[in-house]
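Feature list (source: Swiss-Prot):
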type	residues	note
ACT_SITE	Cys340	active site, thioimidate intermediate
ACT_SITE	Arg451	active site, proton acceptor
BINDING	Asp283, Ser284, Ser285, Gly333, Met334, Gly335	NAD(+) binding site
BINDING	Gly335, Gly337, Cys340, Glu522, Gly523, Gly524	K(+) binding site
BINDING	Ser338, Asp373, Gly374, Gly375, Gly396, Gly397, Tyr421, Arg422, Gly423, Met424, Gly425, Gln463	IMP binding site
DOMAIN	126-187	domain 'CBS 1'
DOMAIN	189-245	domain 'CBS 2'
Amino acid sequence: MAVNGNNTFLDHTSAMEVLKEYERRDGLDIRDLMDSKLQGGLTYNDFLLLPGYIGFPASAVTLDSPITKRITLKTPLVSSPMDTVTEHEMAIHMALQGGVGVIHHNCSPDEQADMVRKVKRYENGFILDPVVITRDTTVGEAKALKEKWGFGGFPVTESGNLGSKLVGIVTNRDIQFETDLDKPVSEVMVTDLITATAGVNLLEANKILAESKKGKLPIIDKEGNLVSMISRSDLTKNLHFPLASKTKDSKQLICAAAIGTRPEDKDRLAKLVDAGLDIVILDSSQGNSMYQIEMIKWIKKEFPDLDVIGGNVVTREQAAALIAAGVDGLRIGMGSGSACITQEVMAVGRPQATAVYNVSSFAARFGVPCIADGGIQNVGHIVKGLALGASTVMMGGLLAGTTESPGTSFVSREGKLVKAYRGMGSIDAMQDKKAGGGGKDAQKSNAGTARYFSEGDSILVAQGVSGAVAHRGSINKFVPYLAAGLKHSLQDCGMTSLQELHECVENGTVRFEIRTASAQLEGGVNMESYEKKLYA
């Protein structure tokens, strides 16, 4: 006991023991926070996580988290299947950064399948389906193949097929400055080849490739027939992108794509699976329908090795129906996206934080991972979505401004560089005719009308808007910034992994606090003028 004038203080060394005298810990546990009878429906801005004890560096935090029952990502970030967000470029770079991109379906089945192939061919361990040409293939045709697939270095076999005798390789250097486009590649190809024999493991093959200083290493059988390849560029990518999301067997990038629940989507899915698809997302604003349940059961029967993510859902009742049908993951959110007006127009939906907690806590009992889809405007929202039980978060508007998104870049009236972005429920998206080949029946094939059950409507009711978002630079800088911010947030909470975060939220170790309107104002910037740089 210490005395200071008229004040008597406790011994400072007893602080931890005195703390135990308090009946309640600071803040709220997750159940008190999410009690809708007391709090109502909550959004991400309505609460904060309270800090814990930091006993480790942020670099020690791991972000591994499942997106489906069978597939785990090293970065829990997913790009949305919107036609101004995710095509093959976005899907490739999201996968390279440890996340995954979901390719939209507001295009023809063949176009979507081509995008899947580009993702799967981008980075390989053993390339089991290389692009093979014959001696008679022209230089012009080889250049066209390079333009189409985005890579060069084509093996030449007698028949032009895998399994045929290898006779040479055409590299970029062989055709780069060749002006005679009709010349057969037999006149320019490399015939002095370094190869490896079938049965070699990936580590040994990579060593041979590194020592050979060649760009490609063909793998042949005892008869000299081509069976597979490995690429030097993939070795480089492995060094630059150690977190890349890859399949365990082929070492190809993981690729996801969305489809609808119409009968013709079964044919679309068959083409996507043939192209190498790993995950299919059933794209609907309201997933608890007879159409989606029937589609889930059909997919699990026809393609048992394909992971299926159902949704969207915001209640336990919706989730239960899809879990019972056999989904491998769920997508949570209705009306919370930045370009979505479903809650306003339809008066149906749910505040995102409340939806994520209620659905994910129920789905966790069945081992079904959940994606928090919508309402993500910053790193803090990502943290909150994961703290409420989601395994990953899906982003649309936050990624639409990146270089890799397919949206059009332009200068706004204010002189700022922006990119076009639209909700799939917007009139612009629902009237897009690419999916139907531009025909008069294109509305029936449109991804937007399918998502919002409007294929046969004579009057389209918008559930989204069109606009623009600020240009954010490359995914290769923006996603690492999001991941670094997430690690520092978990460090502040005293959590070393997302699994630990989920466990400590459930057992009450991680605490929360409701934010009043004044508290939200206090937590923002309060300056006359300022410049907000997100990362450097």
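Cβ coordinates are placed from backbone N, Cα and C, and glycine is handled just like the others.
Under DSSP, the residues of the domain 'CBS 1' (126-187) split into helix, strand and coil as follows: 18 helix, 14 strand, 30 coil. Around Gly523 (K(+) binding site), the same-chain residues six or more apart in sequence whose CB sits under 8 Å from its CB are Leu48, Arg515, listed in sequence order. The local packing around the residue listed as 'active site, thioimidate intermediate', expressed as other Cβ atoms within 10 Å of its Cβ over all shown chains, amounts to 25. Contacts of Met334 (NAD(+) binding site) defined by a Cβ separation under 8 A and a same-chain sequence distance of 6+ are given as Ser285, Gln286, Asn312, Val313, Val314, Thr342, Gln343, Val348, Gly349, Arg350, Ala355, Gly374, in order along the sequence.
Here the C-alpha separation of Gly333 (NAD(+) binding site) and Cys340 (active site, thioimidate intermediate) works out to 11 Å. Gly333 (NAD(+) binding site): 30 other CB atoms within 10 A of its CB, across all protein chains.
Per Cα geometry, Gly423 is the residue among the binding-site residues Asp283, Tyr421, Gly423, Gly425 nearest to Gly337 (K(+) binding site). Across the range of the domain 'CBS 2' (189-245), the DSSP-based residue counts are 20 helix, 15 strand, 22 coil. Averaged over the domain 'CBS 1' (126-187), the predicted model has a pLDDT of 85.
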